[in-house]
């Protein structure tokens, strides 16, 4: 049975696979330009209080609104399996993350350009960040703002870091990334501002858009070397086929996009044949180049019972709930990861370590709170050199991927975590921190051997998977500089999987920028000959008041 749009047609101009951070953006731009679009999201709608209320996002992790990925045992991380949840609802990661908004640094994107991604240098991508943002006197769809709530323990960290000698930075997306301060977030008037709540909400009632949730795509359909449709399982369990007249855009994320490509016959031919999958195009790099940020926690015991622990139970929960419901203020407007910073620990000329600081003791798996009151200071390295892989375990679309992050395999990654942990311990000893924190809980005082073992046994991902469908100018890259899948027609990839190298910071903002660029490629007559005549092209955003960064 074929999917039907709201006018009863069996075809669409475009099909977008994945209604996440990128998919909602691309969908918005295509529909706004007058195209019929089918958006397929594997998860449920984003109609949950815990999704839209900033502080409660931890309640979503591990539910039906997240995919639960696990790596193979990690040789260089004490043989542990790493846990990497990903968004599985409208808005994707932007509906379940900590809402931290970081563009990255000019050097990140100039590095992409120099690696062969023409048109992806900083000067090229900055207008697309600006197009998205409602910030810096810009009026894009995505609200970026300061949090309405800042916890005393978050203030203690920022003050302690300044006492150590780190500069205060009031805008990590401004002239310089270096320093410590409070993160800007994708929130608006105390509510989460996901791409579903902003971009998609603006067009969700447009008759040109058909959105199907709980729609699990099993493969992309190719005819004569071109992507022409998708096969998926609908909410009612029925298998359906939808066809696209122009293009299909794969926005399933850095773990699911390579999986779906390989299931559809685009990937390493030898491995596809081993699983009995007919080869559409031999693309050996599909699933390679996996990268993620890793962090490790330093825990400090609070002198008083002031952390976020226990605030979601009993009378505390009632009090905060009433305040939030009536005024959209108070603790529930916190994004939890309120403060942090970027530090050059290797004297390399730009920050190589980022801090995520939480006014609560947070565990290693699922970020569940630990017993007691305290602070978690989490340094992570920014530019990993370790590279992992995503492979098929079988030809069954529902089978988990064979996922090896290869974390900490490169000694420079381990060294950066060690430097970050050492700096975090120094900051915790500063006067402002000592007033609030009685002392270190973990890793506790110990020799270097103890710290080595602690990092390898406690390092965890920051949930920023990327790189598995690398963009590049070389023929081995999975997509070209316009995000078109090499070797086939009618198919683009638009998510963090196309990043040739991981950016210096949280990945939601760069993913949204990539989606804005993808839409521009598709809608520009000079770049997208399949675009329907008369379709409008989004206008460039006005100049903002921020620095050239």
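Note that Cβ sites are derived from N, Cα and C of the backbone, with glycine treated the same way.
Record features, source TrEMBL:
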| type | residues | note |
| --- | --- | --- |
| DOMAIN | 87-110 | domain 'Glucose-methanol-choline oxidoreductase N-terminal' |
| BINDING | 97, 98, 99, 100, 217 | FAD binding site |
| DOMAIN | 253-267 | domain 'Glucose-methanol-choline oxidoreductase N-terminal' |
Are there residues at least six beyond either end of the domain 'Glucose-methanol-choline oxidoreductase N-terminal' (87-110) with Cβ under 8 Å to its Cβ atoms? List them, or say none.
18-24, 41-46, 48, 51, 54, 57, 60-61, 64-67, 120-122, 124-125, 129, 144, 172-173, 177, 183-187, 192-197, 200, 211, 213, 253, 335-337, 340, 350-351, 356, 463, 501, 503-513, 549
Helix, strand and coil counts within the domain 'Glucose-methanol-choline oxidoreductase N-terminal' (87-110) (DSSP):
9 helix, 2 strand, 13 coil
Mapped DSSP class for residue 217 (FAD binding site), helix or strand or coil:
strand
Among the binding-site residues 98, 99, which residue has the largest number of other Cβ atoms within 10 Å of its own Cβ?
99
Tally of residues which DSSP labels helix, strand or coil - the domain 'Glucose-methanol-choline oxidoreductase N-terminal' (253-267):
8 helix, 2 strand, 5 coil
